[in-house]
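Visitor: I am attaching a structure below and will ask some questions about it afterwards.
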Amino acid sequence: MAGSTRRDPLGLRRAMSDRLLQALIAAMALLACLGFAAARGVEALGERWRQGAEAAVTIQVPDPTRTRIALALGVLATLPEVADANPVDPDRLAELLRPWLGEQPNLALPGVIEVRLRNLDADVALIGDRVAEAVPGAVTEAHGLWVGRLAALATAVQGVAYAALVLVGLIAVAVVAVATRAALIARQDSVAVLHQLGATDREIAGRFSGRAMILALGGGVAGVLVAVPAFFLLARLAQPFGGEVMAEALSGLPWASLPWRDIAMVPVAAGAIGWLTAQAVVRVWLARLP
Amino acid sequence: MPMRMEPSGTVVRFDEVGFAYPAPGGGRGPEVLRGMSLALDDGSFTWLLGPSGAGKTSALRLMHAALRPTRGAVEVLGVATGPAARGALPVLRRKIGVVHQDLRLLPHLSTFDNVALPLRLARRPEARVAQEVTEMLTWIGLEHRAQARPEELSGGEQQRAAIARAVVSRPALLLADEPTGNVDAAQARRLLALFAEMNRLGTTIVIATHSEDLVGRFPAPMMRLERGRILDHDE
């Protein structure tokens with residue numbers, strides 16, 4: 001008892017409720033973790049899609065003689081919007097199609113040229129027309145453009161996720177500020193007595209900010225503990241979009257791909273927000289005293 | 001208690017001091033202290049007398065650096081409180097003991113912890129805090145009430161606890177505002193003897209009261225206030 005009052009002369013353990021503030025900070029921490037998960041997950045998907053979008057255009061050349069392929073490559077080389085054009089190895093193509101076509105050694109497969117564009121907004125129809133003029137029957141497909149648009153969407157979603165994180169941080173600041181102000185009002189007479197006895201602003205603000213930091217840190221840890229299972233569930237659901245098979249066992253989940261550093265930073269950030277906000281609120285309040 | 005210290009000069013100096021509280025609608029209200037000039041020597045004992053509203057409490061708060069003058073100059077323990085940086089005042093306040101009229105004990109702390117506050121603010125080692133607070137509570141007759149909270153104490157016990165908190169750090173200056181207001185005559189005499197003992201040991205003491213009876217029991221220099229002005233000051 002004597003020890004606790006020595007450390008807590010303002011009685012902040014009672015004045016600064018541990019339950020409500022910690023619960024609210026835990027909710028903020030959970031949202032922050034989910035925000036990080038969304039941002040990092042979308043970033044990874046977007047990156048994968050972006051890589052796919054680089055091969056934005058494929059050109060199929062029926063009757064793929066060496067001459068016709070060379071002719072098509074020659075036309076593509078003259079187009080400024082084309083960054084790169086490479087014929088797909090016929091053996092690799094046959095391997096890719098085997099699940100659908102089976103072993104069909106006599107089936108005449110078209111030659112395929114992967115085209116990387118300098119700019120995804122380039123007019124693909126024009127490229128197709130130029131190639132078809134030189135190589136009759138050549139067909140151009142621009143499936144990668146949709147992937148590019150998806151990648152752009154992913155970038156936008158990522159931006160929204162980071163904006164949501166900032167908003168969560170601001171709400172956490174507001175929650176701590178309200179709790180600190182309520183505790184100040186509850187203990188204003190005691191604060192005035194300490195001030196009159198010669199306590200400095202740093203000493204008084206330190207009492208509040210220490211308490212706020214402990215509560216926010218605890219809330220942050222609780223939020224992370226709740227977030228991690230949800231985070232794994234989302235990671236598992238997102239696996240197919242990354243070209244992986246959905247894991248059935250915990251060991252199959254993408255443990256290494258989780259943003260552990262971000263997760264670890266959430267309670268630390270919560271504690272820092274608690275400390276800094278309480279310091280600011282109390283010091284502004286104390287500035288009114290002589 | 002420490003050995004008596006030799007007086008070394010003026011502890012409190014007011015020079016044409018005026019003070020007005022902020023008005024509710026902004027700006028300043030009428031002056032509650034007007035043109036006060038005084039000098040209290042180190043080791044002196046002064047009665048601050050006057051009817052309610054004369055300005056006694058405001059004068060004490062100026063001496064405690066809990067207020068700054070709106071005009072004139074106040075110097076306490078060598079610090080000019082008017083122009084002093086805000087950060088310089090806590091150090092000054094730690095050298096001043098104050099007994100407020102409304103006592104201002106912290107309700108959630110025990111008597112022991114209330115009395116220990118100034119020592120803990122001064123970061124004294126806890127073993128020394130325990131020793132000095134116990135000595136002080138024994139001296140003031142509250143050793144058996146050390147763990148009681150203020151609400152469990154009688155009015156007189158609360159008054160003594162407030163006085164113990166004011167003097168436990170052996171301040172250079174002790175300011176008391178109606179310190180015997182809540183106690184009976186016997187208790188008042190006991191508290192007065194305590195102040196006299198502290199003064200004998202070297203503490204400069206200013207006691208505000210409107211009780212002429214109390215003053216009669218301990219003859220000392222008197223400063224009489226009326227409507228914010230010093231009527232007379234015998235030294």
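From the backbone N, Cα and C atoms, a Cβ is placed for every residue, glycine too.
Just so you know, TrEMBL annotations are computer predictions that nobody has curated.
Below, the features straight out of TrEMBL:
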TRANSMEM  A:20-39  transmembrane segment
TRANSMEM  A:159-179  transmembrane segment
DOMAIN    A:163-278  domain 'ABC3 transporter permease C-terminal'
TRANSMEM  A:212-235  transmembrane segment
TRANSMEM  A:263-286  transmembrane segment
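Give me the local environment of each listed feature.
Guide: Away from its own ends, the transmembrane segment (A:20-39) comes close to residues 157-158, 161-162, 164-165, 168-169, 171-172, 175-176, 179, 212, 215-216, 218-224, 226-228, 230-231, 234-235, 259, 262-263, 266-267, 269-270, 274 of its chain (Cβ-Cβ under 8 Å, at least six residues beyond either end).
Tertiary neighbourhood of the transmembrane segment (A:212-235): same-chain residues 16, 18, 21-34, 37, 41, 172, 176, 179-180, 250, 253-254, 257-258, 263, 266-275, 277-278, selected by CB-CB distance under 8 Å and a gap of 6+ residues from either end.
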Visitor: Restricting to the same chain and to residues at least six past its boundaries, which positions have a Cβ under 8 Å from a Cβ of the transmembrane segment (A:263-286)?
Guide: 25, 28-29, 32-33, 36, 169, 172-173, 176-177, 180-181, 184, 191, 195, 201, 204-206, 208-217, 219-221, 223-224, 227-228, 231
Visitor: So what's near the transmembrane segment (A:159-179) in sequence-distant terms, Cβ-Cβ under 8 Å and 6+ beyond its ends?
Guide: 16-17, 20-21, 24-25, 28, 31-32, 35-36, 38-39, 42, 212, 215-216, 269-270, 273-274, 277-278, 280-281
Visitor: Across the domain 'ABC3 transporter permease C-terminal' (A:163-278), what does the mean pLDDT come to, as a whole number?
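Guide: Averaging the confidence scores along the domain 'ABC3 transporter permease C-terminal' (A:163-278) gives 85.
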